[in-house]
Amino acid sequence: MGSWIPKLLLLQLVLLLTKHADSSSIIKYLPGFEGPLPFELETGYIGVGDEDEDQMFYYFIKSESNPEEDPLLVWLSGGPGCSSFTGLVYENGPLGFKVEAYNGSIPTLVSTTYSWTKVANIIYLDQPVGAGFSYSRNPFADRPSDTGSAKLVNEFVRKWLAKHPDYFSNPFYVTGNSYSGKVIPAIVQEISNGNYICCKPQINLQGYVIGNPVAYYDHDKDSRIPFAHGVALISDELFESLKRSCGGSYSIVDPLNTECLKLIKDYHKCVSGIYQELILKPKCETTSPDCYTYRYLLSIYWANNEIVRRALKVVEGSKGKWERCDLSVRSNQDIKSSIPYHMNNSIKGYRSLVISGDHDMTIPFLGTQAWIRSLNYSITEKWRPWMILDQVAGYTKTYANKMTLATVKGGGHTLEYKPEENSILFKRWISGQPL
């Protein structure tokens, strides 16, 4: 008799969560922010997958300029498993945390200066299922895959637009960074195929924006050693020995190649004290308020507060501890390379902007340049600096297939390290201006 109790409780939980499918709420106040929000925020869930069992949580922020005509973006954070709230409060959203020692109260939110929502409507989407506040009503669901996530994001966007039909005609872009940069080209392909095969009205798909994106992860990682040499983190002698012994392949090494393995250990000793997401910043303990990464803890304190969850209209019981980047969200990484998707999307005429912070050692700009070269696109504008107030902000190159590469001088793995430069870069590109 007692063995039925856990099953009964599980059934009750599933029935409880089922009642909350496909909901949305307008949020005028957020805990931690003083006064009413100075922008329009909506949160909610859209059910996708078999019988809508996967409930995708989103934050939608209207453009502060002209929401009826400004572009509509869906933003996906990396990981896989990072909540899109990361993008909202740390990268390109209208809110950020006041960085101060946590005292047990709700962390303070403040307005930001360089939000992309000044010129665009943005849906910050928690994906894959399990990231952020997204959840599955099926406790036995298979772990998500890259291609599966691409299909579900396509389904999410179509269902979201069906509930927000005023945005069907807005120019639509898929945006994100890091690991999501590998999946985004596949999402663009899914949406494009849906437009041609099945679905009316069509989504006004125009292109995509990816920041320090994973393309072919092993090759991306291989570029770390040449990058480290280029910025004087390893010696000429070690670099030449690595090239000679490893043949340029540093992430997948023959276990019998003991000389290469030994040299890679020497390399790791040299860079172990480096903060790889932005090598200019110190590597330090996250628990110290003086450490840059301390700000990430504030989002964890904030999102795990019950008052906050009620304000966001998070379904009660749908999520245990919220993690900014939940490493337990393990995905089947079945897209080994995004390059075929880039090529297919360019043939269809979609625009793309590839942003690369030039001091990121996680996905170095050298690897990004290498996979772009492999596309064999003809160059329409040669490598040149792009400027802000007569100062070099980075370098750019434009290709015939509507792809633009832009580095950000002094930038890191994500947009947050150079918010002004990334905001100006995005505004110029999205409006069709020269960088």
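Cβ coordinates are placed from backbone N, Cα and C, and glycine is handled just like the others.
Copied over from Swiss-Prot, here are the features:
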type: ACT_SITE; residues: Ser178; note: active site
type: ACT_SITE; residues: Asp360; note: active site
type: ACT_SITE; residues: His413; note: active site
type: DISULFID; residues: Cys82-Cys325; note: disulfide bond
type: DISULFID; residues: Cys246-Cys260; note: disulfide bond
type: DISULFID; residues: Cys284-Cys291; note: disulfide bond
type: CARBOHYD; residues: Asn103; note: N-linked glycosylation site
type: CARBOHYD; residues: Asn344; note: N-linked glycosylation site
type: CARBOHYD; residues: Asn376; note: N-linked glycosylation site
type: SIGNAL; residues: 1-23; note: signal peptide
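All features noted in Swiss-Prot, drawn onto the structure.
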residue	record	contacts (Cβ under 8 Å, 6+ apart)
Cys82	disulfide bond	Ala131, Gly132, Ser178, Tyr179, Arg324, Cys325, Asp326
Asn103	N-linked glycosylation site	none
Cys246	disulfide bond	Val253, Asn257, Cys260, Leu263, Ile264
Cys284	disulfide bond	Tyr275, Asp290, Cys291, Tyr292, Thr293
Asn344	N-linked glycosylation site	Gln189
Asp360	active site	Asn212, Gln276, Glu277, Leu278, Ile279, Gly411, Gly412, His413
Asn376	N-linked glycosylation site	none
What count of other C-beta atoms do you get within 10 angstroms of the C-beta of Cys260 (disulfide bond), across all chains shown? 20
Look up Asn344 (N-linked glycosylation site) in the DSSP assignment and reduce it to helix, strand or coil. helix
Could you find out if DSSP has Cys82 (disulfide bond) as helix, strand or coil? strand
